[in-house]
Amino acid sequence: MEEQSKNKISEEEKQLHGKRSRPKGGLITMPFIFANEICEKLAVVGFHANMISYLTTQLHLPLTKAANTLTNFGGTSSLTPLLGAFIADSFAGRFWTITFASIIYQIGMTLLTISAILPTLRPPPCKGEEVCVVADTAQLSILYIALLLGALGSGGIRPCVVAFGADQFDESDPKQTTKTWNYFNWYYFCMGAAALVAVTVLVYIQDNVGWGLGLGIPTVAMFLSVITFVGGFKLYRHLDPSGSPFTRLIQVAVAAFRKRKLRMVSDPTLLYTNDEIDAPISLDGILTHTKHMSFLDKAAIVTEQDNLKPGQIPNPWRLNTVHRVEELKSVIRMGPIGASGILLITAYAQQGTFSLQQAKTMDRHLTKSFQIPAGSMSVFTTVAMLSTIVVYDRIFVKIARKFTGLERGITFLHRMGIGFVISIFATLVAGFIEIKRKHVAIEHGLLDKPHTMVPISFFWLVPQYSLHGIAEAFMSIGHMEFFYDQAPESMRSTATALFWMAISIGNYVSTLLVTLVHKFSAKPDGSNWLPDNNLNRGRLEYFYWVITVLQAVNLVYYLWCAKIYTYKPVQVHHNKEDNSPVKNELQLSNKN
């Protein structure tokens with residue numbers, strides 16, 4: 001009996017050891033992660049792309065109120081990723097943040113779908129020439145709750161899913177054949193493919209079949225994605241949260257300020273290090289000392305007042321390790337490069353405003369009976385972006401690798417720079433196309449007929465839309481790679497949230513720029529570069545060229561920032577199974 005008991009325990013230990021030694025992460029986790037992101041993007045774009053139509057035609061809201069509702073929703077959605085990232089990095093972890101955020105998003109989508117199906121949750125349809133009944137307070141409350149839940153859910157998914165996916169690849173393990181740069185390419189490809197389906201299939205269903213089905217499809221898809229994502233729990237590589245990264249950054253700043261009067265030590269090796277307390281926030285390797293921003297190094301100078309005893313954990317408000325000081329330095333160094341992407345988003349945002357207005361005045365017929373909706377012109381941007389990602393990943397990288405020796409072909413800083421250059425050409429070309437459009441309008445006497453179609457094909461707009469898509473494939477993915485790679489390991493969700501915040505700021509800058517140009521280009525005779533009613537009488541090409549000049553200046557600024565940028569140096573810890581005689585090595589974190 002005792003022998004059987006021992007054998008049973010031995011068998012259990014073997015099974016337990018087998019479970020512990022099972023490798024986590026890798027390619028096998030990608031279907032679960034991509035399913036979640038595809039459905040989230042399908043839901044967001046499917047809702048937002050045509051939501052103005054739902055608010056005005058189904059809830060009968062005035063155009064200005066409907067527009068403000070969506071603007072407020074968009075602004076909230078751009079801020080919540082910071083909250084989601086803070087929760088993930090501080091205590092919840094990325095997996096549970098994504099899971100609970102997806103459930104919250106699911107509840108919001110379900111609520112909005114139910115309101116589109118049940119007639120009692122919407123005002124009655126308009127009858128003839130009678131004034132339409134606007135949605136009452138209770139009906140609007142359901143809408144606002146649904147949108148708020150969507151914003152909260154999106155805030156937990158957006159900053160975490162991209163970082164969580166990249167976490168599945170342990171780049172210190174030589175057995176990992178797939179690198180994070182592959183993941184970022186295909187992550188963005190899946191996101192773009194989902195958006196393409198949303199702006200074509202879902203928008204068509206919403207307009208021609210019904211809102212119940214048009215909103216129900218992404219709702220069901222989101223439900224399936226939550227089940228799928230949670231189903232991969234045992235396969236994922238889980239990185240434990242390591243406490244509030246913001247608190248650590250503040251502690252370093254406070255400690256450096258308190259010791260500001262100290263003289264800097266002559267030898268950096270005398271600065272305080274403690275691999276044991278840094279272990280939870282440095283699984284990929286300890287950050288090593290850099291010479292820049294040396295005033296922050298004072299936070300790592302040990303003094304008698306610190307009263308540091310062997311084995312004792314120091315007061316972080318007085319003394320910090322070199323690793324934690326370098327975390328703050330990394331965040332500060334990232335700022336200028338991250339900010340450079342704002343103007344590209346400003347240029348990109350014109351596709352949904354003035355480029356769309358151009359399209360509305362042009363001949364969009366593909367056949368005699370069918371014309372492409374102006375709102376679907378973004379299809380050309382998405383197709384160009386997806387095509388570029390495929391060519392970049394399958395062809396460009398292999399060719400570039402032969403010249404640079406880098407496994408990823410080129411660094412993310414080079415990738416961003418190429419995107420900036422292409423974006424400059426996009427707005428430059430857009431100005432000349434507008435001159436061509438107005439020239440045709442003048443030839444046919446349509447200058448003062450803003451609602452009459454100008455006999456010029458919408459295909460003239462394809463180059464500017466396509467160039468923006470190509471620029472996004474280079475710059476936006478490079479931007480995302482930069483934030484993930486160069487952020488301190490414990491702040492990767494927060495860094496991804498900063499990527500989304502840069503997008504938000506870019507849109508706000510677009511609004512500000514349009515407002516300023518409209519105000520200061522107005523003349524006493526009523527003419528304006530950006531007229532409210534007649535685009536034919538405007539000077540839209542001048543506006544495009546203003547953006548072009550701003551982007552050119554931004555490119556010079558970016559090149560300067562990239563030239564002086566210092567990659568974070570990491571003391572890499574190789575996988576224990578690696579037979580290499582050198583277990584640790586110093587490398588700059590622009591991973592090949």
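Cβ from N, Cα, C; glycine included.
Automated prediction, rather than curation, is the source of TrEMBL annotations.
Lifted from TrEMBL, the feature list:
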COMPBIAS  1-16  compositional bias 'Basic and acidic residues'
REGION    1-22  region 'Disordered'
TRANSMEM  95-121  transmembrane segment
TRANSMEM  141-165  transmembrane segment
TRANSMEM  186-205  transmembrane segment
TRANSMEM  211-233  transmembrane segment
TRANSMEM  331-350  transmembrane segment
TRANSMEM  370-392  transmembrane segment
TRANSMEM  412-433  transmembrane segment
TRANSMEM  453-477  transmembrane segment
TRANSMEM  498-522  transmembrane segment
TRANSMEM  542-560  transmembrane segment
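At the 8 Å Cβ threshold, with sequence separation of at least 6, the transmembrane segment (370-392) lacks contact with the transmembrane segment (542-560), having fewer than 3 such pairs.
When the stretches 95-121, 453-477, 542-560 are ranked by Cβ pairs under 8 Å to the transmembrane segment (211-233), first place goes to 95-121.
Only residues 6 or more beyond the boundaries of the transmembrane segment (542-560), in the same chain, are considered here, and those with a CB under 8 A from a CB of the stretch are 336-337, 340, 343-344, 346-347, 350, 354, 416-417, 420-421, 423-424, 427-428, 430-431, 434, 513-514, 517, 521, 529-530. With a threshold of 8 Å between CB atoms, the same-chain residues lying at least 6 positions outside the transmembrane segment (453-477) that come near it are 184-185, 188, 341, 344, 347-348, 351, 355, 358-359, 361-364, 372, 377-378, 380-386, 388-389, 392, 415-416, 418-420, 422-423, 425-427, 429-430, 433, 436-437, 440-441, 444, 446, 536.
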